[in-house]
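Undergrad: Swiss-Prot lists these features:
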- P3: N-acetylproline (MOD_RES)
- K14: N6,N6,N6-trimethyllysine (MOD_RES)
- N123, T173, K177, R295, H327, S379: substrate binding site (BINDING)
- K175: active site, proton acceptor (ACT_SITE)
- K201: N6-carboxylysine (MOD_RES)
- K201, D203, E204: Mg(2+) binding site (BINDING)
- H294: active site, proton acceptor (ACT_SITE)
- K334: site 'Transition state stabilizer' (SITE)
Amino acid sequence: MSPQTETKASVGFKAGVKEYKLTYYTPEYQTKDTDILAAFRVTPQPGVPPEEAGAAVAAESSTGTWTTVWTDGLTSLDRYKGRCYRIERVVGEKDQYIAYVAYPLDLFEEGSVTNMFTSIVGNVFGFKALRALRLEDLRIPPAYVKTFQGPPHGIQVERDKLNKYGRPLLGCTIKPKLGLSAKNYGRAVYECLRGGLDFTKDDENVNSQPFMRWRDRFLFCAEAIYKAQTETGEIKGHYLNATAGTCEEMIKRAVFARELGVPIVMHDYLTGGFTANTSLAHYCRDNGLLLHIHRAMHAVIDRQKNHGIHFRVLAKALRMSGGDHIHSGTVVGKLEGERDITLGFVDLLRDDFVEQDRSRGIYFTQDWVSLPGVLPVASGGIHVWHMPALTEIFGDDSVLQFGGGTLGHPWGNAPGAVANRLALEACVQARNEGRDLAQEGNEIIREACKWSPELAAACQVWKEIVFNFAAVDVLDK
């Protein structure tokens, strides 16, 4: 036996594989105020006990690996390891469990959503011992929240910038989303803003294509904004999509938007990435730009109930990374979104403090301390008949965004904007008078039609358009 071998043997290191639950399943653990807490929906492979599955998640998303390593002795695993501290069976689902995991704060870089997600939703999602794994919720402790800038400005600052209070903001995505020249695109922006909308928007896949380069679009949209502001006396905006192939190009586009004096830019935060998004959010705060966030790609991640990441987690991550608006679904439109679930993460976007409420899918109490709030954006398959429900569901601190529901008006873009603005003001007035929007919504819209031929025409076009499909992602019974 060589001297080296004798030395290793004398250390007493015992190589091999041991069950994760021996180290990482700790039901006696008392969580700390500084821990990041996670709720995972775990579906183990046949024959894998839930305790072992939960412990494997804790291990593989923190300090563990598939075998014992001698370098474990060079650090304090008890200080740094994740711990599965509770497991609940999911009622009504076969072989599904909610595993609660606590992570010490020292595992994560300050102010980095990228680093947090790399650990918590990293390689563990491909672990063979699990048939499926979904991150349902995270509790971000105040100590970690305070390391983030968050939204560039927040809800109150945005209202002050726009000088608009007491109602939801009104927007429109320019359609067709691809193919228009920059000049025709700017014309549509002008017509919608002149008709009464607060914002118009680039679609998420409008970047800088051969038919419309970004600089041309920015120039024509800025001209449209200033012309509409002059004619209406209201502050207007267009979400100029700064998303690009590199962070440097993205910031270059944001700089040009600032030089034009426009109020807001836009980013696709999931396809663009959290590092790029946080960089843009910091630039926007430093330079007085509002930041609209689109969630393109989210349904690839969040739609399936047993695997992926729930949107409430992606919403929390966005509030930390930074954005003043984010698309949140509509409940009543063409996109996925159950009412209770949607209102749960809408509160997580807007409110300073949100209590645990499993009836809305909120697994943990969340204290955002002083982090500014984010306006939810209801967009996707909505029209004037939806206005009472949208106003009742989302309240004043929201953006209601009608793309086809504006540009599909039979008389053109400006009349479509007029119809939406009048429908919104009728609903806000009725609500302020004490009327029940949920029960009297259709009647309120019909009454308003008497004063607006534009609204009457819109109501006639979309009177039979509904999207009656059951939601895929629903609350557990």
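Including glycine, each Cβ sits where the backbone N, Cα and C put it.
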Undergrad: Considering each pair of residues in N123, T173, K177, R295, H327, S379, all listed as binding substrate, report the largest CA to CA distance in Å, no decimals.
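TA: In whole numbers, the farthest two Cα atoms are 37 Å apart.
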Undergrad: Among the recorded positions K175, K201, H294, R295, which residue has its Cβ surrounded by the fewest other Cβ atoms within 10 Å?
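TA: Among the recorded positions K175, K201, H294, R295, the lowest count of other Cβ atoms within 10 Å belongs to K175.
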Undergrad: Filter the binding-site residues N123, R295, H327, S379 down to those whose C-alpha lies within 10 angstroms of the C-alpha of the residue listed as 'N6-carboxylysine'; answer none if the list is empty.
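TA: Checking Cα-Cα distances against the residue listed as 'N6-carboxylysine', none of the binding-site residues falls within 10 Å.
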Undergrad: Counting only other Cβ atoms and using a 10 Å cut-off, which of the binding-site residues D203, E204 scores lowest?
TA: D203
Undergrad: Calculate the distance in Å between the alpha carbons (Cα) of R295 (substrate binding site) and E204 (Mg(2+) binding site), and round it to a whole number.
TA: 8
Undergrad: Pull out the recorded positions from the set K175, K177, H294, S379 whose C-alpha sits within 10 Å of the C-alpha of E204 (Mg(2+) binding site).
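TA: Within 10 Å of E204 (Mg(2+) binding site): K177, H294.
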Undergrad: For Mg(2+), what surrounds K201, D203, E204 with a Cβ no more than 8 Å from their Cβ centroid?
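TA: Result: T173, I174, K177, D202, N205, V206, Y239, N241, M266, H294.
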Undergrad: When DSSP states are folded down to helix, strand and coil, where does E204 (Mg(2+) binding site) land?
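TA: Going by the DSSP assignment, E204 (Mg(2+) binding site) belongs to neither helix nor strand, so it counts as coil.
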Undergrad: Given the binding-site residues K177, H327, and counting only Cβ atoms in the protein chains shown, which has the most within 10 Å of its Cβ?
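TA: Per the Cβ count, the most surrounded site is H327.
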Undergrad: Across all the protein chains here, work out how many other Cβ atoms are within 10 Å of the Cβ of S379 (substrate binding site).
TA: 25
Undergrad: Determine the most Cβ-crowded residue among the binding-site residues N123, T173, using a 10 Å radius around each Cβ and all protein chains in the structure.
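TA: Highest number of other Cβ atoms within 10 Å: T173.
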Undergrad: Taking the Cα atoms as reference points, how far is S379 (substrate binding site) from H294 (active site, proton acceptor) in Å?
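TA: Their Cα atoms are separated by 10 Å.
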Undergrad: Distance check, please: Cα of K175 (active site, proton acceptor) against Cα of H327 (substrate binding site), rounded to an integer number of angstrom.
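TA: Roughly 17 Å, rounded to the nearest whole number.
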